[in-house]
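Student: Straight from TrEMBL, here's the annotation block:
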DOMAIN    79-136  domain 'Potassium channel'
DOMAIN    168-246  domain 'Potassium channel'
CARBOHYD  Asn77  N-linked glycosylation site
TRANSMEM  6-26  transmembrane segment
TRANSMEM  86-105  transmembrane segment
TRANSMEM  111-131  transmembrane segment
TRANSMEM  157-177  transmembrane segment
TRANSMEM  189-207  transmembrane segment
TRANSMEM  219-242  transmembrane segment
Amino acid sequence: QISWTLLLVLGYLFYLLLGAMVFQLLEKQAETHFRDQFQLEKLKFLQNYTCLDRQALEQFVQVLMEAWEKGVNPEGNSTNPSNWDFSNSFFFAGTVVTTIGYGNLSPSTVAGQIFCVFYALFGVPLNLAFLNQLGKGLNAHLITLERWVQKPGRAQVRLAIFLTTGTLLFLVFPPLVFSYVEGWSYGEGFYFTFITLSTIGFGDYVVGTNPNKHYISVYRSLTAIWIVFGLAWLALVFNVGADLMEKFLQLKWHKPDLSLPEGATTKLEDEPEQPRIHIPS
C-alpha cells in the first residue's frame, strides 16, 4: 500500500526541483547578458572619464548599493519624497504584519529594528486573527454551498460568482490601476499583484517608489488596505486548491483495507465531518 503522505512529500520535492530547473533555464542566460552589459558600461564610463580609476568607480558603485539597501533611490535628488512619511510608514507596517517583506525598505536605526521585531511579534498573530475572522465570512458562503450540492446548478453558480468577483476585484482590475499610476505593463502589474497577495514579496516591483512620479498621499495606504482584503480572499482560494489536491491524492492512492470485516469503517471515515474550506491560523 502506497502512503499518499509519502507521495505528497516526493511530489513536493519534485515540484521544487522542476521549478529550479525551469528558472535556471529561463533566467541564467539573461543574467549573464546583463552582467556582461554592466561590466561593458563600466569600462565605457572609465574611458570617458579618465580622471577616475577602477577603484574609485567600484567605491561609487558600492555607495549606490548601500543607498539602495537603505531605501534611498539613487535616481533623482534630495527633494525626493521621504520613504518614512505617514503614508509610506503605514504601507511598511502592513508589509511587516502580513509577512510580505518586499526587502526594498527596512529600519536602519537600532531603535527601529528592535521596535520592528516586537511589532511583528504581536502584529503577525493579530493579522492572522483578523484574516481568520475575515475569512469566516467568506467561508460561510462556501460552506453553504456544500449543503446545496443536491440542488443542481445553484452551488456551481454561486461558487463561480464568488471566484469571478474575487478574481476581478483582486487580480484583474488592480493591475490596470498600477499600470496607469506606475507606468508598468499590464503583465508587470499582474505579476506584482499576485506576488504581493501571495506574500511572496520579491521586492522587484513596489508601488509608490518612482521618484519621477507624483503620487497622492493616500496611494500607498489604500494599496495596503487592498492587500489585506486580497490576502484573505487568495488564502481562501489557496485552501480550496490545497483541499481539492489532497482529496484527489487520497482518492487516487488510498487503497481500502480488504481485511476489515464487512460494515467496518476506517478511522478517517469515523471522524466527524469538518468544514472543507478554512483559513489557517
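Glycine is no exception: its Cβ is also placed from the backbone N, Cα and C atoms.
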Student: Any residues 6+ beyond the ends of the transmembrane segment (189-207) with a Cβ under 8 Å from its own?
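Tutor: Sequence-remote neighbours of the transmembrane segment (189-207) are 95, 98-105, 170-171, 174-179, 181-182, 219-220, 223, 227, 230-231, 233-234, 238.
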Student: Can you count helix, strand and coil residues in the domain 'Potassium channel' (168-246) using DSSP?
Tutor: 55 helix, 0 strand, 24 coil
Student: In the domain 'Potassium channel' (79-136), how many residues does DSSP assign to helix, to strand and to coil?
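Tutor: Its residues fall into 39 helix, 0 strand, 19 coil.
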Student: Give the mean pLDDT for the domain 'Potassium channel' (79-136) on the 0 to 100 scale.
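Tutor: The answer is 86, the mean pLDDT of the model over that range.
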